[in-house]
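Reviewing the structure listed below.
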Amino acid sequence: MALSELYTKYNRVWIPDDQHVWKSAEITKDFRSGDGVLELLLEDGTHLHPVDPSKTKLPPLRNPDILVGENDLTALSYLHEPAVLHNLKVRFVESRIIYTYCGIILVAVNPYKQLPIYGDAIIHAYSGQNMGDMDPHIFAVAEEAYKQMARNHKNQSIIVSGESGAGKTVSARYAMRYFAVVSKSGSKTRVEDKVLASNPITEAIGNAKTTRNDNSSRFGKYTEISFDRKYRIIGANMRTYLLEKSRVVFQAENERNYHIFYQMCSCADSAEFKTLRLLSADEFRYTSMGGDVTIEGVDDKKDMEETRRTFSLLGLKEDFQSDVFKVLAAILHLGNVEIKISGDDRSSPSDPHLAAFCDLLSVGAAELVRWLCNRRIVLAAETFVKPVPKERAVAARDALAKQIYAHLFDCIITRINTALQVPGKQHAFIGVLDIYGFETFDINSFEQFCINYANEKLQQQFNLHVFKLEQEEYMKEDIPWTLIDFYDNQPVIDLIEAKMGVLDLLDEECLFPQGTDQSWLQKLSNYLEANPLFEKPRLSNEAFVIQHFADKVEYQCRGFLEKNRDALYEELVDTMRASKFSFLANFFFQDVEQSTANSKGVKVKAARPSVKPANKQLRTSVGDKFRSSLSLLMETLNATTPHYVRCIKPNDEKLPFEYDSGRVVQQLRACGVLETIRISAQSYPSRWTYIEFYSRYSILMSHVESDLSDKKQTCKDVLQRLIQDPNQYKFGRTKIFFRAGQVAYLEKLRLDRLRGACVTIQKHVRGWSRRRKYLRIREAAIILQQYVRGKRTVRKTVSAEALKRGWAVVVIQRHWRGYRMRQIYKAVRLASTTIQAFTRGWMARKRYKKMMEEHKVVVLQKYAKAWLARRRFQTMRRLVLNVQLSFRVQKLKKKTEEQSKETRGLMERLTSLASTHCQTVEKLHSQEVQLEKLTNLKASLEARERKTREEANLVSPRRKLQKQVEALNLERQNLEKKLDASIKEAKENSIEIQRQDHEKEVETLREEIKRLKEDRVSLKRRIEDGAQVNSDLQEQVIQLTKHVKVIPELRRDLNSLQNQRDNLDRRMREQQLLAFNLRLFLSRLTPEGSEKIYEEDDLQEVFEGLQKATRLLENHQREQRETYQSQMEGLTLKVDHLQNENGKLQNLFQEKSNINADIRREVSRLSSENQVLPELKLQVSELQRQKQELEAVVKEQGSELAGEFYLKKQGDHQRSPQEDHRGKLAAQVRFNCAVSLSSVKRAHLSFPAVLLDFCLRLCSHFNTRTVIFSFKCDCISFTDLKPKGVVVNVIPTLPAFILFMCVRHADYLNDDNKLKSLMNAVIQGVKKVIMAHHKNLETLSFWLSNTYQLLNCLKQYSGEEEFLKQSTPRQKKNCLQNFDLSEHRLILSDLAIHIYHRLISVMQKTLAPAIVPGMLEHESLQGISSMKPTGFRKRSNSMYKDSETYTISSILQQLSVFHSAMSHHGMEQSLVNQAVKQLFFLVGTTTLNHIMLRKDMCSCRKGMQIRCNISYLEEWLKENELQSSRAIDTLKPLAQAAWLLQVNKSTDEDAKEITERCTELNPVQIVKILNSYTPIDDFEKRVASSFVRKVQSFLQEYKGSSQLMLDTEYRFQVTFPFCPSSTALESLQVPSSLHLDFLTRI
């Protein structure tokens, strides 16, 4: 559809206006091609707008109201200057929104008011969000830059520009604050705080008050924030451009010097500044030239404290600060130096401030005075000094002040950069450029020329970047594109920087000593006159005009040469270098170093080659320096991805939320916003995704088109049918591109369709209403007719005779009815008297019978009391027998223990006896060997004697034989004597020893045998005693079985007693009735007129006796009732007790029989061992030997085994022999552990006791720390139970009960160390599991439930009165007896709180991504679409990636998962309620925060969607029976916000209702929602500003928080109420599927 065809009736257009720039008018008649007049209706009547047929340039069309107030200006259907201006005005004035997107530009309008939209909560809300998802904000731009840096690994730049007073510095400060918050370094240097701390310093030394801004930056600043590979801030670097040095020595009216001077003067009285000799600011010339030295609302003294604090934060020490303050004070004193005329052409300085200047800077006063008033002239042959005029001397003084301040400024910036450098390699950076925008004043000088030159360069770079983005968008969507004509400002840049350009001619003129501004201007006219962008004013000879991209600017040439030279006499420079103040002298020595360094620096290539300057001074001119630094800046910006922020100043009066259209449009033209709009409007500015188009314009589709499954093809078919010209739109891969005005045309068609549907609905509704009203009127008329007709009929039929007959009939009826009633009354009275007579006789007879039965009652009572006394005696006897039985059982247990001890002693005695017996046997064997030796010797001697005798017989010579015989006899005698002596001695010794030993051994053996016999006898006696006890116990069992058999009889007795009690009750009632009748009888015994039958006193005594009897019977009955009840309760308890005792006794008898069998076996074993003592000795020695070997091995390898717990397992092929030995040892230790475990199981010990016993056994050989570690590891293996493997019919909190039973067993053993180690191991084990699975919902839920249950068990069984109120007697019996675990309860409570918060964090992290899409973006109500056109920012690459779609069902499903997990693990309902309440709070706060930050969500339809979603959440609570959690109360702020979006917002009553009902929202939030309210259709109306002001006036009475955002991190205080468990500990069963074989039930 052609654009001219849209000029139809009722459409609106924009026409130029002198006051408001543009104003709106309505078309009153359709415009057709060929018409010469466009009829418009203005506010003051009809206005004819002439149309030139040759040009046919019609006024720009106005966008539909539905598109006004959009977040992105590119979303407007008509893109032109009035549309942009009006959209900004609506957002700024009506909605109080200062940020707006314009394609890639963020337009920021200065509100001149502090707004609550920069807190940390806002920063976290924008963090991680796509740029188009939230309302425009400086944080969104910073987040986009940060995200692109992390995603694309490319450096970024944020270019902040605008006029003075537009808010550039604040915007740059907030951008850097955002980076500091979202990229915490985590280091101790806190570099992000240092980056933020640099702002107050740079503002103090570089900002000043101007007529347009109280805090105007008088320099350009580019801050590079460096990031490491984890994208955390590691440092920063700052570059400055074009400091306004002239402000140091000159300020215009109502302006100030730099802030630092006034801050110092405000602290002149402090002791730290006494040496600086400071005065008040109005006494210094350099600070009082502008007039007012203060700024309203600014405290210079506090700002000075902040400046000094940031100096210290950056690490700039006190010495450096004092040096800086000295230089600044010296500059102030230098300004007060007066130059006086001392002759015709001579001048000399004379002022006390000169002495202060020289003292502070340690400069020679004579040299300074000389070279301020004189100048050295060097000729070829000689050098002489010439006095200068006063004006030149003043200029030299001011030049010196400017030069010193410029050097000081550069020095401070250098030191700040040094402080911001942190060790570490830079991975990427984000640069923030805070630079002056395009400026045009009444008088424009060299500074404005340089500023506008810089803006020309930036605008060129901006145009190229915008064109590049448009080209990429078209190529990505596969849409053919043609070259778009856009403004190229390269000619203006060439005019300024090319050869023989303005800067080139300026530098050339500065070479000449006699060069003046006039001569330079003449050169400009000569060389640039032919350039169309250069003009020379006709009425001025001291100015020239340059046509910039924004506007024509007239520059005054006065001062250009002086400012460009920035010259300072060499003599003054030498004087400064000679200063003894090294801080100052270094400033001027650095000039030489910088000049040499600059010659080797970066070479900047101009647009055209320029002539090399012949003088060294030209290369250091201000223009040349600025051009070089600007070229370097452009190179940096071109190497980064730029992001643009354009700050707009809405008015010159600095009034909050006042909008001056003339000033705004001037800035929009200067900052490139309108150029962006123009480029976008030349192609296809409106772009919709297929889903958005289908959702918005489905109303224009036919039934056939809407039934198609392919929505993309449906959109194409609909567009081809609605818009005939295919050139007006293009189909991309994901979006549809529209020409300007086509979206407005579609909106018109949609509005017409909706209007037609509304008319049809209204027609049918009105017809139905009229028909209904007609039927009601017709029915009422028929009823009236019926009544009127009936009245007439009555009047016609009724006469006087009929009335008389009627009255007669009434009289007859009255008399007849009276007669009938009297007859009935008489009959009833007769029957009543008859019944009373018979009743009274029956009652008298009954009384008589009761009086006769009293004696029988007394007899019955006597026998009943006797029977009861016998029963009491029998029950007491049974109790005594039970007590005796329990005592005997305990005594028998003690006897068995003593017997086991005696058996162990007997074993020891037997071993010692065996050893002594072996020793005696060995001694006997040795004696026998000696005796055998002696007998052998004796036999050999006898044989020798016989041999000698035989030899003597054979020898002939007798003498010889005799001699030999004699000799032999002597020898034999001697030998016999010796033998006899030796035998005697041996016999005496050996026999005596043997006899003594044998006697001792025999005695000991006899004693042992005697003792063994005595032991055997005692054992037999014990066996007999045991048998006797067993028989007694059997007899008691028989008696108990008899008692058990008596139980039914007791129950029958109870029933009979109950019946007797009922009979007594019945008799008591009859007795009371008898007493009452007796009173009546006595009252009627003496009728009137008859004689007395009985004496009155006798009757009275009888009556009193009856009363006493009745009282006695009542008391007796009451006592009997109480005794019967107590007896019944006692009997029931006794029956239960007897049954329990019966079971226990049966178990005890079984155990006793087992013990007796063990005793018999032990006795038989001892008797057999007594017979085989040698075998017992060998076994004992073998056991001792094995024990010694094992202890030796353990002692040698103890340390090695202790370290084995920390070694990693290795393969079998890598194991060394030493490790094999360790493995064998570990196997041996495990075997011993198993043996110990089995033995302890036989002794009925639990797992902790087993483990602790084993650890204590090894404690002497192993390291204590190792033992504790192994103990903890084993306990942790128990806490590693997985929650997902819960067995059916097993309580989920079984681990808690098992742990408590282990604690209870340790308490039963009264072992403090064991209990402490167990509790510490449990707590540490749970902590380790939580740390290992801190993101596992199932594990956290499982152990929160078990920790809470363990805490409840420790309370329930602690024995404290407050926890025993709901416990059963059995549970009270199981309470802990020896230890107080209150400290451990506190530790467990803290652990449970930690697990709870960890669980909440996991659930919140899981639920958070689905909240905003499910609660806000998803349309749960079908047919109610809130989709609107979107702009460029919604078309970012991240918007259309395939991602999971969340709905309200996703939130409910996730909540159900959480609830089922907690319920499945047996979590207490109070904890479930608290967790659900916390999750609902997160849903409510997150949704409400996004409503506050998303203007597109503030609509009536969106309010309906939100209320529908809240109802779904409430229904979920009802289904899961969680109403008691009061979680729905946390959604009250969200519900009130949704109601506020739907309610009428027009009248005063509406405003009052809003203030009364929105009690959960603070005033800031209410006003924000009202200002952000956005109509979706033309049928809705915007909220008027007057209505918002009314609501604000009503809200002034309410005091609430001023925070816009709710704290999503807020946690409700968690409580753990005591909930006793009804589970009996003895009924717990550990299923085998859990593989907890180390646990044994006691």
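Cβ from N, Cα, C; glycine included.
From the options 207-234, 291-318, 1047-1074, the stretch TrEMBL describes as coiled coil is 1047-1074. As stated in TrEMBL, the feature region 'Actin-binding' covers range 630-652 out of the listed 561-583, 630-652, 1343-1365, 1573-1595.
Outside the region 'Actin-binding' (630-652), and at least 6 residues removed from its termini, the chain residues within Cβ reach (under 8 Å) are 88, 92, 102, 104-112, 138, 141, 144-145, 148, 152, 154-163, 165-168, 171, 175, 212, 222, 239, 241, 431, 433, 437, 453-454, 457-458, 461-462, 465, 602, 604-605, 658-660, 663-664, 667-668, 671-673.
Residues in the region 'Actin-binding' (630-652) partition by DSSP class (helix H, G, I; strand E, B; coil) as 9 helix, 8 strand, 6 coil. Sequence-distant contacts of Ser164 (ATP binding site), defined as residues of its own chain at least six apart whose C-beta falls under 8 angstroms from its C-beta, comprise Thr210, Arg212, Asn213, Ser216, Ser217, Tyr436, Glu439. Sparsest Cβ environment among the binding-site residues Gly162, Gly165, Gly167 (other Cβ atoms counted within 10 Å): Gly165.
The record gives Gly162, Glu163, Ser164, Gly165, Ala166, Gly167, Lys168, Thr169 for ATP. Within 8 Å of the mean position of their Cβ atoms, the other Cβ atoms in that chain belong to Asn110, Asn213, Ser216, Ser217, Gly437, Cys647, Lys649. All chains included, 25 other C-beta atoms sit within 10 angstroms of the C-beta of Glu163 (ATP binding site).
Neighbours of Ala166 (ATP binding site), defined as other CB atoms within 10 A of its CB across all chains, total 26.
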